[in-house]
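Per TrEMBL, the features are as follows:
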- B:125-408: domain 'NADH:quinone oxidoreductase/Mrp antiporter transmembrane' (DOMAIN)
- B:6-21: transmembrane segment (TRANSMEM)
- B:28-45: transmembrane segment (TRANSMEM)
- B:65-92: transmembrane segment (TRANSMEM)
- B:104-122: transmembrane segment (TRANSMEM)
- B:128-148: transmembrane segment (TRANSMEM)
- B:160-180: transmembrane segment (TRANSMEM)
- B:200-222: transmembrane segment (TRANSMEM)
- B:234-254: transmembrane segment (TRANSMEM)
- B:266-287: transmembrane segment (TRANSMEM)
- B:294-315: transmembrane segment (TRANSMEM)
- B:321-343: transmembrane segment (TRANSMEM)
- B:397-417: transmembrane segment (TRANSMEM)
Amino acid sequence: MENILQQIGIENYIYLSTLLFCVGIFGVLYRRNAIVMFMSIEIMLNAVNLLLVAFSTYHQDATGQVFVFFSMAVAAAEVAVGLAILVAVYRNLNNIDIDNLKNLKG
Amino acid sequence: MDISFVLIILLFGAAASYFVGDKWASKAALIFSTAAFAATAYLTYKYTGGASVSYIKTWVENPMIILGFQADSLSLTMLLLTTALTPIIILATFRNSINNSRTFYALILFMAFAMAGTFVSVDGFVYYIFWELSLIPIYFISLLWGNGDWESRKKAVVKFFIYTFAGSLFMLVAFIYLYQKGGNFLNTTLYRAILTDKEQFFIFLAFFLAYAIKIPIIPFHTWQANVYQKSPTAGTMLLSGIMLKMAIYSIIRWQLPIAPKPATEYMYVFVGLGIAGVIYGSILALKQTDIKKLLAYSSLAHVGLIAAGAYTLTLDGIRGAFLQMLAHGFVVVGLFYAAEIISRRYATGEISEMGGIRVQTPKFASMFMILVLASVAMPLTFNFIGEFELLYSMAQTHIWFAVIAGTTIILGAFYMLKMFQQVMLGEQNAKPFADVTFGEAFVFIAIIAVLIFFGIYPKPITEFITPELERLVRIINRFN
Amino acid sequence: MDTNLALLLLFAPFAGFLLNVFFGKKLGKGASGTLGTLAVATSFVVTLTFFLQVINTGKPVMVDLFEWLTLANFNVNFGFQLDQLSLLWLMFVTGIGTLIHVYSISYMHDDENMHKFFAYLNLFIFFMITLVIGSNLLIMFIGWEGVGLCSYLLIGFWYKNQDYNDAAKKAFIMNRIGDLGFLIGIFIIGYLFHSLDYTTIATALSSGAEVDATWLSIAALCLFIGACGKSAQLPLYTWLPDAMAGPTPVSALIHAATMVTAGIFMVTRMNFLFNLTPDVQTVIAVVGAITSLIAAAIGLVQNDIKKVLAYSTVSQLGLMFLALGLGAYEIAVFHVITHAFFKACLFLGSGSVIHALHGEQDMRNMGGLKGVMKITYITFLISTLAISGLPPFSGFFSKDEILMTAFHQNKVLWVIGSLASIMTAFYMFRLLYLTFYKDFRGTEEQKHHLHESPGLITFPLIVLAILALVGGVISLPGNSWLNHYLAPVLAKPAHHHELDGTAYMLMGIAVVGALIGIGVAYSKYIKQSAVPAQDSEITGFAKVLYNKFYVDEIYTAIIVNPIYAIGSFFRDVTEAAFSGFIFGLGKVANMLGSEGKTLQTGSIGFYLFAFVLGICSIVVYIFLAK
Amino acid sequence: MYTLIAIAGLGIICLIAEIFNLRKAIVPITILGLLGSLALTVPDFGHYYRYFNSMVITNNFSAAFSCLFIILTIFLIALTPDFHKEHKAKLSDFVAIKLFLLTGAIAMVCFGNLAMFFLGIEILSIALYVLAASQPKNLKSNEAGMKYFLMGAFASGFILFGIALIYGATGSFDTSVIYGKILENQPMPAWYFIGIVMMSIGLLFKIAAVPFHFWAPDVYEGSPALTTATMSTLTKVAAIAAFFKLMTSLNLTVPGTYITIISIVSILSMTVGNITALVQTNVKRMLAFSGISHAGFMLMVFFNPIETPGTLLYYTAAYAFAGIAAFAVILSVCGDKGNEEVYNFNGLGKRNPLMAAVLTCSLLSMAGIPIFSGFFAKFFLFNQVLSTGHVAIVIIAILNSIVSVGYYFKLILAMYTKEATSEVQPTPVMYTIVAVLSIALNIAMGLQPDFVLGLLKI
Amino acid sequence: MLLTIFYILSAITLATAFLTILSKNPIHSAIYLVLCFFSIAGHYLMFNAQFLAIVHIIVYSGAIMILMLFTIMLMNLNKEDEKNKSMLSRIAAVVSFCLVAFVLLATFIKAQPTITEYAVSGKDYQSIKVLGQVLLNEYMLPFEFASVLLLVSMIGAVLLSKKQHINN
């Protein structure tokens, strides 16, 4: 069986992942809604996952995909903790607007 | 028994003074400092008998740091100065009521320990550690037991600390740099380090910064007057009597032998700076209204002269610097003590509020007078010996140096006598002035005895230090 | 034996000093005075033994005690050289010293600090002896500074009066200016000869060693500056008149007879050096001549009895320097000795007068004392005649020798010297007339208490007056014992003036000049009964003279005030600038910190933005920038 | 390896103990357990072991840093009960989280595979997010948690991205395999180096180096003080140690530009940290900036990475012990004041001389004044850097040290020269013990630097 | 053919990702994100990584997104009431997006090695069996360690959400 990358090219995946990663960065910077920022971070992580899978294929090696599992676990854990913090913030502020969190500065 | 024993006594004394409690702290401090003096004297005796009293041990393997306390005649002399002045300084504090005195005396002894360590270390790094260590106690002594309101005191003391700390950090860099060349920090190794002219220049400069600030040489002196004024007198005595000698000693011991080329090349600059300090300090002293500030500026003038002498790189200059260092150490402690006695009784440092004291206490006046005379280098006092050699060395370098620096004997007499006149003479002061107590008189007499004895017969000291100095001068002039 | 005796010579006064300092108060006034006097008398006796010994053997006594100062190229020993010159000096130092001590016992009897006075006097003698007998320049310098110190202490003896203290301080500082010169001279000599011993230097010079002439001249000049300070020559003479603030015995001892002659001693001591530097000799002669003239001029109009004597001292010292400058060392020494006799007598006499008047020093408030104070008057008269240069009083011989030498070498100097002598005769007789003749002009109260001084005061006066009368015999023209005696210590043979016609003519001129001065004084103060005007009424050139050519004011304006001004400048400007610079660094750091603080906005968006920018710049730098 | 297992087990024991109402026993057991783990770690010295297909590699470096982490955790856990005395029910959680955090930290220094490294750093981070936000009622704590979480997750993305690129370049996550690939001398795809840079950025974020430092002051200030203590000591040390290990094990052939970047970041960190710290009035914030500057100092080890592991250990240990001591005092002073402004320290010198002395010592140590180990740390560092000839950066570091004295002394001055503004409160014994012990360790290191340096002698 | 699919999928991925970010309503964002995840799963499928694709969908779309949606609902955030960020910060966001995208892409383009022949091992490397073996043999320790991670986040979540009982 032929390597799929023969047709598409690893570079395309790199570009795609990079773009997706940048979109994630953009999202974190652009939005003030914390939950959407979380989502953007998920996009970033997914971009990397995609890259890992692409490289896994590139090397015809399973470890890359295994690593994606860990990455997913991490993503899940992060989201869990993140949402817990979010809830705590919401309880105090009644909103999750990140721009309200500017008390610590200077 | 070797030289580390003295350090241990002082350190242990610091701990002991702290733990015996406020009531006995001063006595404990006195006992331990006297014991240190006795030990030093004994060691000196042993050393002159040909025994080695050094202590050398490797401390850290990599980088190679050697816990080396070398006893040669120079370090022993300085050690003697330190341990002799410490009990005197402690004795001088006896009449004061000091809060938290156990900490106070512990800090004084700790400082003596650090300064003693600076004088005897042969390893540049260990030397540096002691050098810095000595800053901390004086910082707290000046800060916590000083005079004047908190804000100005804080400003002065913090400035002093940061300033001197800043200077010495450059010295540390220089040491590390030298270490790269030599492989250890021993001064003998560093003397032999092969350095290009440029390296020597920068190393010299780094050392100079550290020492110029500590001595202080103008224009690095701005911390001095304020700190002297704000510190408690014990602190001022420690600073002016011993601590600034650390820097001059270090010039002779470290800076010049390690990097003599820039010193030769730019000799006029450094000697000139020292001499400028003489004039500058003297003229400023004339305008002071606070007695301790006046003495501070006089000290600036004197140490400027000493530094200038050391930078002439001649045997006379360096020996003069060394002798004058000892003499100045004693005389300045005495003068500050006198100032302390007056300002304690009159609760002011303002000269204008003094006067008419001699009528009330001729004894004190005489002793003060002798100190004033010693400070203006009256012959037959130790200071004359030092000043003569210093000025002579400058005359050898360039006659105008001697002429300009020599104005110190005129200007010095001018401000000191002016001060003495305003402080002591005149119609009886309305405020009563209690006669000196036995303890106070003892301090003065001890100092005066030293000054006059060595003024008449300096041979023991000169003979003791000269071979070592000659060796150093040979090293310093190795490129010519 | 010699060593012990020399030490006794030196330390007898020092012991007196110590005893008086520590036990003087307990001993009581009489005992402390006696103690002090005995101490000096002991020195005198010892001096006498040495003197006779040296006259007999002709060899100086050398004492080496120990090595004092170690320098790279040479050592300075603590050693003494008791030769003809120093012993001669010691003779009158200890001799007159003893007399003045005796005098002081009575004079200072009312002072509560009498023991201190004697302590200081003894200390002074100690230092003076050190100065004289030292075997090298540095030992001389010890004494040099030491006598300066004692002068300071004694001028400011009544320390409650700040004016006196000012005078004392001024004396000390002026001396120190000279001392610096002296020190520099010592440095150069040390550098040139690698020794400070007189004998070594003399040997080196006489053996014709290669010595840089310029440096030698500079050294000589520097030494002379030192002498100017100590011996009150232009431009450093202003302290001496002020020094009259001290008790009168002090003025007699220190500021007339002994200390102020130290400069002459030093130049004579170093004559082998000065001989080789003719330029400097010229300078010395000129300075001496001008000083004598100016001081005499100022002396013409002074009204304070001691000030007149002080200016007269300056003037006479000028004459001595004139002699030194002309290379006539033995003549200068001769004049020193005669001057010591008559000037000490004059001062003590004036002290006696002041004593009688309870501290009054202004001559305008004196007069008519001739009748009451017979002994004082007579001794004073003798001394006045001596200083005016009338034969056969001692001053005639010494002054005449000086003028004669000047005449032979430089007519201008001779004229100046003669003028000064004439003025001297005038103001001395002015002094005499105003004080002793006519009617008493003081208060009734004073008049009531007028009395002759007690024996302890008059005895020294009598002795000194006799010496002033006959002192000239030690160096009579044509047959000078002194020249003979001093020959071993002088590098060049003494001047010998034939007693030819010129000599007699010059003597005649001098006597006539003196008589003119006396005559003018007589006509003005006896015939016309003039009394000097009050301070405010003095006008014209007299005012300039009365105010001493405003020298003090000029010095204040061009030296002291600028120093203070510079001090203010340093204190207010440069100190602030240096300090401000350091604090400024701290301020800059703080300012930057505040700026940095504003960066910390608290906004996550901004933080992330910075994060991203950081990444971009790093990536660009590493991967894209080439 | 066994350390890791033991500590994870200890965490679980903590959780179980809570269930069985053994709350009082938690802390003693934990501390004993940690001491036991310490004993387990010590034998690792001098050996090189690989465990589980090279997932974990222990050597001197990992053992030394593990020991340091364990000691720091002991201190931190000892401080916990008093700090959380109002939330006793949560004690086991806090202790357990700290223990897991420790496992993460240890994983970061003994990883043999990037997966372990990644998991380790994530455990550490997530535990810290939780701890930072662990006062849910407190808005400051929320804000700190939120900021830290968002930015931390963002940075994790970069680390992950870097790992992916390295994998792409080498086809493996195993550090020794990667190292082998580098040694093969074949031209590496450029991804590899991009990956290194990405990971570096992520780690620079963790150690709070400029310009990735912005989170630190805010988070330090907002977090509960004990968390701040953890962050500024344990976390920072773990991050820099991991960074160091990563670089030395992966990064053989860096181009010069990389070192330039490191030195620029180092200089910026020192300067920005110190200068900004000068104007702070909140102690935690000030220490945050001081931590930033120390991160700059620590980064200087990369100039001579072969020689410097000992120096790094020494520096970090000195810094961490001083930090623990300082925070123990801060906890005792500001425990229930709700803020950590400098004025709270007014008059401490009189109120509680011992604590004041400890804080003074620790600040002096951080400022680099002998004989405290902070000084030696700086000295060893400068020595190493100078031996590679980078004089300029040493000079800049020196200038920064001077500036740093300014703000450290502000606190000291407050303690000794100002009158107390508040009542005297009893200091919990544990705080005192921890403070004294840790400053004693600091000073002991100063007196016997050879011991610590010798642990990592090459 | 595959390339076309790749482009289509990529377009969907990027578009939905953008829409996630640009939607005002968080619910819409979430739904776009789910779509984005699906498209990524499509990529995985293209790589023939079926197991991973399924896991991906289960974990992200099934767990994480549900959690998020749940939170959104819980907080009543399904409104478009979010105030926009200031213009400046939005411009900054756009600028930094463009910048970072440009820089990274440029870097990768510059760094791109020319690969003509991709390795084909012929071995099975992404079936469930292989992945399971790798995960539970070689990667056993990280696998276990991940449990610690999850435990921490669990404790953390509980700790943060637990009602506060003072001294109980």
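Backbone N, Cα and C atoms are what each Cβ position is placed from, and that goes for glycine too.
Nobody curates TrEMBL annotations by hand; they come from automatic prediction.
Looking at B:6-21, B:234-254, B:266-287, B:321-343, the range that has the most CB pairs within less than 8 A of the transmembrane segment (B:104-122) turns out to be B:6-21. Tertiary neighbourhood of the transmembrane segment (B:266-287): same-chain residues 208, 212, 217-218, 221, 225, 294, 297-309, 311-313, 394, 397-398, 401, 404-405, 407-408, 411-412, 414-415, 418, selected by CB-CB distance under 8 Å and a gap of 6+ residues from either end. Segment contact is absent for the transmembrane segment (B:200-222) and the transmembrane segment (B:65-92), given fewer than three CB pairs below 8 angstroms at sequence separation of 6 or more. Scored on C-beta pairs under 8 angstroms, the neighbour of the transmembrane segment (B:65-92) with the top count among B:6-21, B:160-180, B:234-254 is B:234-254. With a cut-off of 8 Å between Cβ atoms, the residues of this chain six or more beyond the transmembrane segment (B:234-254) that come close are 74-75, 78, 81-82, 85-86, 89-90, 92-93, 104, 108, 111-112, 115, 118-119, 124, 127, 131, 134, 138, 141-142, 145-146, 187, 190, 207, 210-211, 214-216, 227-228, 292, 295-296, 299, 303, 306-307, 310-311, 318, 321-322, 325, 328-330, 332-333, 336-337, 469, 472. Beyond the ends of the transmembrane segment (B:294-315), by six or more residues, the same chain brings 211, 215-218, 221, 224-225, 228-229, 236, 240, 244, 248, 251-252, 256, 260, 263-264, 267, 270-282, 284-285, 288, 321, 324-325, 328, 332, 335-336, 339, 351, 375, 386-387, 389-391, 393-394, 396-397, 401, 405, 408, 411-412, 415-416, 419, 469-470, 473, 476-477 to within a C-beta distance below 8 angstroms of the stretch. Among residues of the same chain six or more beyond the transmembrane segment (B:6-21), those with a C-beta under 8 A of the stretch's C-beta atoms are 28-29, 31-33, 35-36, 39-40, 43, 69, 79, 83, 86, 102-103, 105-107, 109-110, 112-113, 116-117, 120.
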